[in-house]
Amino acid sequence: MQTTTTKPLGWLKQESRRVRTPVTWAIGLGLASGVLLIVQAMLLAHVADGAIFKQAPLATLWPAFAAMLAILVLRGGLTYAVEHFAFSAASTVKLAVRERLMRQLQALGLVWQRGAQTGDVVNTVTDGVEHLEAYYARYLPQTALAALIPLAILAVILPIDWVSALILMVTAPLIPVFMIFIGKGAEKLNQRQWRRMGQLSGHFLDALQGLTTLKVFNLGRREARLIERLSDEYRTSTLKVLRLAFVSSLVLEFLATVSIALVAVLIGFRLLWGELDFESGFLVLLLAPEFYLPLRNMGGVYHARMEALGAAERIVELLDAPTLEWTGTRRDGLGAGQVPRVELAGLGYTYPADDVASDDDATADKAQAPRKPALDDVSLCIAPGETVAVVGPSGAGKSTLALILLGLLRPDRGAVSVDGVALDEIDITAWRESLAWVPQQPRLFFGTVRDNLCLEQNVDDATLWRALEQAQAREFVASLPQGLDTPLGERGVRLSGGEAQRLAIARALVRNASFVVADEVSAHLDADNERALVKALKALGKGRSLVVIAHRLDTVRHADRIVVLEDGRVREQGSHDELLAAGGLYARLVSGATGEAL
């Protein structure tokens, strides 16, 4: 588990500073409603005393009735305003936290992302943030009101009946003391419950994504038993939390009820003995339950604090995770249609021991023991408009090189420069605006063909169709039921592998990037799809620099230059014919290729 430098409770309090104004309004209006409640009780006691014991004419009591009705309406309006400010504060915090989490997830290095469980992260960003709502909307205002309103009521009761006031003062502190005692155990239970929820969410998402594999290997029942076990553990932890909550509520109700009963009995005797008049005694009886109500309400929302602490623990872990920091600010020449000259000088990178990769080449790059460098002293120059193919055995460092060019990994040694400016000095956002990436398994988002091509750019249909034609994708897109507006489903499930690759190339063409990285785009494709893809890559390489990482001979033979990597080092480079004539590693790879695969 990621260790954090920020305590969850401290973080929750820190976030409350951004909503200090609406929370203060909620507390102030809630206190005003409490004061009006005291006035309402005074009026009711006065009316009851006048009507029952003093036989006052009804006409003299009407103003008090009207005042009580007005107070009732006013308190209703104040309650609405309190809810408005409280939930406004919660919404502000949730929005800010979600934005920070999304920025953090984008800033986190690829090493962290590969080791994270997607379901757990999604659960934290969605349900975890939602669990903060009750803390800011309910718990924070109620904590203040639980202190202020009883004090206001006590200030009214004390001059009238010091005995009842003494009982209230003695019994009231028992409620928060008991809540603190219960809270210590509940906090650990909630954090354990939240971790189990994250494990269940992550495992369930993994099972959904791997459903086909589970079916083919007949592992459905085993997976169902595992999910059943995780669900049962989550159910058990949830019941423990609820059991503790029910016990705490029972004790709070018991304390409040016994205290109110004690006050009522004493007032009854003192009325009999003539030590207290009816109006004063009735007023104390009316206010005694209201004295404990804010404390009981705080006990009811105390679980919101526990839930928020459990969620905050995971949120803080995400926010404290080490990010891949890019602090450069220069934007010289980037994004203006200029094709850059990219140089790698003495580049080296070694993956951390706990990194878990997601693609075959990078897995092999890091699976070696002891920790051998994935890249070691790599020097390379990519001229403007040049198409460079990078080849080599599995584990040579090809995908690692691509990730460094994309700014997704930072080299341990050496430097990357763009037009003579170190990448560390360049605004990484500007650099990525001039980039396009065509991965081996392109990510197609849930939406239409148009959505996936434009990615929020404002592009006309003519440009889209031109890019599709250059990418050898116009024909199959035109055959789709709704053309550009055809929904693709999640991850482009309606497309074949070759169609998805060509759509990704079309997306890169629409972006009009000046530097493109294509990683293993022809892997696992049949001959027809590969031929179409080679044509699309040629179109993609016109007027821009193109780095192609490939295993297929047809994909690399027409490159301006071929760079051969082995064990993280550049072994040789040159054209296809030059490397064949040299009889080195490339020639051996070609001669040993099966099915035109290097």
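Heads up, the Cβ atoms here are built off N, Cα and C, so glycines get one too.
Going by TrEMBL, these are the annotated features:
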| type | residues | note |
| --- | --- | --- |
| DOMAIN | 25-307 | domain 'ABC transmembrane type-1' |
| DOMAIN | 356-592 | domain 'ABC transporter' |
| TRANSMEM | 23-44 | transmembrane segment |
| TRANSMEM | 56-74 | transmembrane segment |
| TRANSMEM | 139-160 | transmembrane segment |
| TRANSMEM | 166-186 | transmembrane segment |
| TRANSMEM | 244-272 | transmembrane segment |
Per-residue pLDDT averaged over the domain 'ABC transporter' (356-592) comes to what? 81
Distal contacts, the transmembrane segment (56-74) - CB-CB under 8 A, six or more residues away: 36, 39-40, 43-44, 46-47, 50
Looking at 23-44, 139-160, 244-272, which one has the highest count of Cβ pairs under 8 angstroms to the transmembrane segment (166-186)? 244-272
For the transmembrane segment (23-44), distant same-chain residues with Cβ under 8 A (at least six beyond the ends): 16, 64, 67-68, 71-72, 74-75, 78-79, 81-82, 85-86, 89, 136, 140-141, 144-145, 148-149, 152-153, 156, 282-283, 286-287, 290, 294
